[in-house]
Amino acid sequence: MRRVVTVTEYGAFIKIPGCRKQGLVHRTHMSSCRVDKPSEIVDVGDKVWVKLIGREMKNDKVKLSLSMKVVNQGTGKDLDPNNIVTDQEERRKRTFKDYTGQKITLEAVLNTTCKKCGCRGHFAKDCFMQPGGTKYSLIPEEEEEEEEEAAAKAEVKGEEKSVHTEKSSRKRKKEKKKKKKLKSKKEPSSSSSDSDSSEGQTASKKARHLARESKRKMKKHRKKHQA
């Protein structure tokens, strides 16, 4: 039996006779049940049966790992002579992975569509929906929701742009119509001015013609009197 030297939150240190080193019994190796406080199992000065289950070199120092649960504390009998239990525990520690930081996602196990309810991920024979009942579907992920919101915003912006372009096109059409009306109003005035100018020209021509004829008649009359 070995004596307990110190008790900590994570285990108890056991004095090894014949040397100055101490071995650690971690709280996971104190009992087959869960141990939260090592002080509830052992106390300083208690004598316990332990078994050496591991050695580790750190900073040129040898650390010894001891176990109490593989030894019968009443008789000191080794309950795990072939180290099967300790090997299994070591494998569990090595294969354990912390998945707490990963996001939990729900995905369809089967790439099928149920003929009964129309949802994806299961067959009609496994469908729990009653005829005319509520339909259930997978909860969308946060990323999918964000993508849907972004798509909806883009659609709203596109609609606003289309409405703006329609309004601008309507304004342009109205401006073109106004310009056409103004042009149509200006054309008759210009034609009237052209007609007035043409009439004035014809009148001036007639007046010149009459003046020439009157001059000719006067010349003929003078010639007759002279003769």
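Don't overthink the numbers, they just go from 1 along the chain as shown.
Note that Cβ sites are derived from N, Cα and C of the backbone, with glycine treated the same way.
Copied over from TrEMBL, here are the features:
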- 1-69: domain 'S1 motif' (DOMAIN)
- 114-127: domain 'CCHC-type' (DOMAIN)
- 140-149: compositional bias 'Acidic residues' (COMPBIAS)
- 140-227: region 'Disordered' (REGION)
- 150-168: compositional bias 'Basic and acidic residues' (COMPBIAS)
- 169-184: compositional bias 'Basic residues' (COMPBIAS)
- 189-199: compositional bias 'Low complexity' (COMPBIAS)
- 205-227: compositional bias 'Basic residues' (COMPBIAS)
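The DSSP breakdown of the compositional bias 'Basic residues' (169-184) into helical (H, G, I), extended (E, B) and coil residues amounts to 16 helix, 0 strand, 0 coil.
Under DSSP, the residues of the domain 'S1 motif' (1-69) split into helix, strand and coil as follows: 6 helix, 33 strand, 30 coil.
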